[in-house]
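Trainee: Below are the structure tokens for one structure; questions will follow.
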């Protein structure tokens, strides 16, 4: 049994790259949704809700699609000491975030949602990442060369400079990049059965 058409509701080049690893054919749609974090909700609930909102916003464009596509939405945040580190607005924010992560373990939470017709499934994957200490000079070099402004927590684990400072990871590597592919794959398998 083949998969239904998959539509990735994301502008992230990393999510597209990760989903390509599945070997599945898919298309992408660009959507704009507010990524409002509700302090009354847990981090996990927030990223699941935002992923669901992205999938629901995207399905509006495909209501008359007779192929019955699966919309995939996702949202990723970094958290340390219960505080959420989103995407930095500028180099000063990126520096502040990266200084907080030095020599410490933090969590990367990605919520993803699959929406097909009226069926909605979502979950959250969490990965723990520990970074070695970086000097301020190394951090500034990273910020100036990697442009981490579209990345939660101000870094990409796959970036050449940052890869030198990741001392351990517990959980899914692809989750840290923005999409827990093995969990998405298992959820897609359930949808088609």
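Any Cβ shown, glycine's included, is placed from N, Cα and C.
Dumping what Swiss-Prot says about this protein:
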{"type": "SITE", "residues": "14", "note": "site 'Important for substrate specificity'"}
{"type": "ACT_SITE", "residues": "75", "note": "active site, proton acceptor"}
{"type": "SITE", "residues": "76", "note": "site 'Important for substrate specificity'"}
{"type": "SITE", "residues": "158", "note": "site 'Important for substrate specificity'"}
Trainee: Would you count the other C-beta atoms found within 10 angstroms of the C-beta of residue 76 (site 'Important for substrate specificity') for me?
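Mentor: Within a 10 Å radius of the Cβ of residue 76 (site 'Important for substrate specificity') lie 28 other Cβ atoms.
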Trainee: Return only the integer: C-alpha distance in Å from the residue listed as 'active site, proton acceptor' to residue 14 (site 'Important for substrate specificity').
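Mentor: About 12 Å separate the Cα atoms of these two residues.
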Trainee: I'd like the number of other C-beta atoms within 10 A of the C-beta of residue 75 (active site, proton acceptor), please.
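Mentor: Other Cβ atoms found within 10 Å: 26.
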Trainee: Is residue 14 (site 'Important for substrate specificity') helix, strand or coil when read with DSSP?
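Mentor: In three-state terms, residue 14 (site 'Important for substrate specificity') counts as helix.
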Trainee: Just to be sure I understand the packing, how many Cβ atoms besides its own are within 10 Å of the Cβ of residue 158 (site 'Important for substrate specificity')?
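Mentor: Taking every protein chain into account, the count is 18.
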Trainee: Near the Cβ of residue 14 (site 'Important for substrate specificity'), how many other Cβ atoms are there if near means within 10 Å?
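Mentor: Looking across every protein chain shown, the total is 19.
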Trainee: Round to a whole number and give the Cα-to-Cα distance in Å for the pair residue 76 (site 'Important for substrate specificity') and residue 14 (site 'Important for substrate specificity').
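Mentor: Distance (Cα to Cα, whole Å): 12 Å.
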Trainee: To the nearest whole angstrom, state the Cα distance for the pair residue 158 (site 'Important for substrate specificity') and residue 14 (site 'Important for substrate specificity').
Mentor: 10
